[in-house]
Amino acid sequence: MMPANEDKENNIVYTGNESSGINFPQTPAHLLKRSHSNILKPPVRLDQLKRDANSNNGNTLKYIQGGKEVSPTKRLHTHAQQQGRLPLAAKDNNRSKSFIFPETSNQSKDADLPQLQNTLSIRKNDQLRKLSQISRSRSRANHNDLLSNSRKLQKYGSVLGYNALPKMKSLVLKDLADSGKNEESSDDDEGNEDSESKLGKKLQSALLKQDSSDGENELNGGLGLFNEQGGLQQLIKNSTKNEQKTKNDKSDKTDDYDIEIAPQRQEPLPYVPEGYSPFQQDDIEKLKTFNSPYKLDLEDEDDTPDKVDLLPLEQIDEEGEKDETECITRNQEEGAALPLLSKNFKEVAAVPTMELVYSEEGLDPEELEDLVT
């Protein structure tokens, strides 16, 4: 079985007031926020209201919660803030505030309905009066503008009822049935006839021709597209005639076709990069037969060495070079220079002589030990 406060959709019922019989589902407090189980506090009931004897002779009521007086609006505001989220039954904009005192709120609404209707009707009547006044003022302004402006009077005078205004020329064409009457009236108005005689005659002649052509078409048996002489049938006849003419022209002019010939395709030019001058065939042959000025023709006809401009080679004796090197080394050994001593030394110390020439013999083991140590 499910615990008592677990079915939050149906079983949990919130009663806003003891006197009111309205119930609606409410989510339990411990399911809204698990960390704080006592967030939703029950609303203040009538038995929790206490009278304040110090103000207004004890007639006012105040909310007393935790030993402090709290106003009803502040109580509702804090209650809505602490709620966290709206209950599941209040998701359709049914706030919990409206269910605290439902009877009093409904009664006040029912009592205020006629007053609201009266105020709305008064506002509508005021708006209609303002609109009518604005429209009247605008019509009067337009009327005054027409009277002050001569052009507007000439255009719209007959509409406004001013029949004494000068008549304007109309672009509407007169009927042909009244042609006789127009001719009789034209005898009276000779001045106007001079200006409009040419154009009127042209229009009348064109309309008479059109009427005569319509009468002939009726006699021939058809009007418009279904006429035998000038309609769909005539178009069909003309198209067949044109097709026959084109066939005859093709048969006569079979040899006169303009044959289109494409131009001969040219070979593409070779690719030449920028800054590169290609060698011609003459240049290549010159390079093949080029004679350098440093080239020597040693093979002459006379085979004489006088013509060759070269220095003769000197022959060097290797034995003589060896003798010279030996003499130089001996002189160096004999004429070894004495070391320069300062003037303070009276006794000349014996300076050991060193062999300058390597005798091609390595060091003894004793000498090697001396070097290492």
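Quick reminder: no glycine exception, Cβ is built from N, Cα and C everywhere.
Source: prediction; values computed, not measured.
Pulled from Swiss-Prot:
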COMPBIAS  1-10  compositional bias 'Basic and acidic residues'
COMPBIAS  185-194  compositional bias 'Acidic residues'
COMPBIAS  225-235  compositional bias 'Low complexity'
COMPBIAS  240-256  compositional bias 'Basic and acidic residues'
MOD_RES   Ser185  phosphoserine
MOD_RES   Ser186  phosphoserine
MOD_RES   Ser212  phosphoserine
MOD_RES   Ser213  phosphoserine
MOD_RES   Ser277  phosphoserine
MOD_RES   Ser292  phosphoserine
REGION    1-27  region 'Disordered'
REGION    177-278  region 'Disordered'
MOTIF     85-88  motif 'D-box'
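Between the CA atoms of Ser292 (phosphoserine) and Ser277 (phosphoserine) there is a gap of 24 Å. Here the Cβ of Ser277 (phosphoserine) has 7 other Cβ atoms within 10 Å, regardless of which shown protein chain they belong to.
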